[in-house]
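Novice: Sharing a structure below in structure tokens format, with a few things to ask.
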């Protein structure tokens, strides 16, 4: 591409001398590897107004997919029953605790033989291969069927207690042990348990550093075998793997009910703090940057100090030396905070983050000045178009709708159909395993005779209709379209903000030449003309993300069956697709800027953006990562400040200033909610900044290639920012001659 004399550069370095090389007048600076020469419209004054629809075919496909997605949701709503998620289901497919049923007062699911939950069939069927019934309470003591059978002769209350954990209660135990095993009417043994997620789990505890249950480390499992607590914990972990994340628990709900008012106050303060930082960036970007730096370093230092204090307090306390692995699954999560290992791990993580921040600050000190200049220019743009700060709210609403629709559709799909029962063998050695069966007549069939000990248990909800046969396919489609929509909403926001900020940049006299309502105009252009292009870019990204999810799913399901070579190859694939996703996100982001400016299709815009970035690769290296680092520090500072205030409030450390909630079960529940919510709010505000800086940078590179700084072709960028980014003012051709 031939450029005007003095208007371009062939290399741009940020060396110690700060010098840059200026190409001779009339030289061709276009690298043949980065596109053919481009011709510029001499009357270009900003985002093109005369546009046409782009990527129409992809737009039509996208609309058809949305219509199909709506129909899929309606079908799932007709066939699904969310009660099947709210209530545990026993081996006969009956709900535990459902009103109006015989199990109304039996709200907890009880496993006959928890040790069978370590069977390999668990990974295939996602069901523990043992009989499961609904009970009103969990066992509170050790007792085997044989012990109860003999003691019943002297005390009848033994059977009345034991019978509540059997399929059907009777006046007395009439079956011998061998017949009991064949009919599977009662468990061979019960042991102390407590309800967790509406299921009976072993009530583990620690005594003198040893894991125990009911003050025992070994016990009889009722079949003549002596078991230890470690085996039982492994079985409990196996059941926990197949539990859906259905309920947070009543204690967590109570904490939210108690602290919702304080959570809203914290999030409101986070919004005001983010807004204040955005305003201050326009005036004192350099000073505020150092506030970010020192604030983050201080917050991390406070976290390290607090973790060390907690670690020191636990020195010498009994059981504090245990590891997280030793105590296993605990319903009381506060037990994990009574371990030295927990606080030591937190302290190491915070120390590593502290070192990373300090090291990056040292090595990037020369490039931070460029980032500060861009932040100042971005602050001016946002100051002239303040409505851009409201747009993240619209994005949040769109994302919330997509997430809610996906979650509801997934639940209704998962609960569609009638109960399906499968043959499950505890030992996993039955040729009929995983076949469909009827629990009413199973004991009289040939399968029961061929596979002693096999059960006909509830597996899932399904049916024989065409709809039910493709439930799994519908779930995959539901997930893929969800990813597509999420990426489309993000792309729409990026293109809209890019169009608004491009209108600011290409206004020669700011703010007089900025068109009215630039954000609304850019949003209308993106929806009317470029829905297909945005859908095309988001489709590529959604496809990559879907592949990554499939790889992660296979890794989780086949983790124990993989060889070292297969694990290595899978790790390589996951790493490659992770890198590919981030590269595509980067290119898409800049392609949307080109779409917002020129109104061309996605492929053309992506190609032009890539070529432009390659011609300015050194500028990209300086600008992109450093600016992102600065904005990330701002997000961490906002979340950290609000997090410290919330921590002091919820742990009652500042009763003299303000009295917070005093009856929390887990203070970390509202604390994490406030910290994550504050970070997301700060991310919403600072993401506008990030998009503004990206747009200004792309426009700046285009500006350098279009204009030469003369009176006929003046630069649109501010002179101060031009001097910092280009490192040397360009000399017009006549002066050089």
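Just so it is clear, glycine is given a Cβ too, placed from its N, Cα and C backbone atoms.
All TrEMBL annotations are machine predictions without curation.
What TrEMBL shows for this protein is this:
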- 1-20: compositional bias 'Polar residues' (COMPBIAS)
- 1-34: region 'Disordered' (REGION)
- 54-78: transmembrane segment (TRANSMEM)
- 260-281: transmembrane segment (TRANSMEM)
- 287-308: transmembrane segment (TRANSMEM)
- 343-364: transmembrane segment (TRANSMEM)
- 389-414: transmembrane segment (TRANSMEM)
- 479-507: transmembrane segment (TRANSMEM)
- 527-551: transmembrane segment (TRANSMEM)
- 629-650: transmembrane segment (TRANSMEM)
- 666-686: transmembrane segment (TRANSMEM)
Novice: Residue list, the transmembrane segment (479-507) vs rest of chain: Cβ under 8 Å, 6 or more residues beyond ends.
Specialist: 44-47, 62, 65-66, 68-69, 381, 384-385, 387-388, 391-392, 394-395, 398-399, 402-403, 405-406, 410, 513-515, 518-519, 521-523, 525-527, 530, 534-535, 537-539, 541-542, 545-546, 549, 588-589, 592-593, 595-597, 688, 691-692, 694-696, 699-700, 703, 716-717
Novice: Other than its close neighbours in sequence, what residues sit by the transmembrane segment (287-308), given a CB gap under 8 Å and a spacing of at least six beyond its ends?
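Specialist: For the transmembrane segment (287-308), the list is 277, 280-281, 343-344, 346-347, 350-351, 353-354, 357-358, 361, 368, 371-372, 375, 630, 633-634, 636-637, 640-641, 643-644.
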Novice: At least three Cβ pairs under 8 Å linking the transmembrane segment (54-78) and the transmembrane segment (389-414), pairs spaced 6 or more in sequence?
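Specialist: These two stretches do touch.
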Novice: Would you kindly list the residues that approach the transmembrane segment (343-364) from elsewhere in its chain, counting only those six or more residues past its ends and only Cβ-Cβ distances under 8 Å?
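Specialist: Cβ under 8 Å, 6 or more out: 293, 296-297, 300-301, 303-304, 307-308, 310-311, 314, 337, 626, 629, 633.
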Novice: With Cβ distances under 8 Å as the criterion, find the stretch in 527-551, 629-650, 666-686 that has the most pairs with the transmembrane segment (260-281).
Specialist: 666-686
Novice: Taking contact to mean 3 or more CB pairs closer than 8 A (sequence separation of 6 or more), are the transmembrane segment (666-686) and the transmembrane segment (527-551) in contact?
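Specialist: Result for the transmembrane segment (666-686) with the transmembrane segment (527-551) is no.
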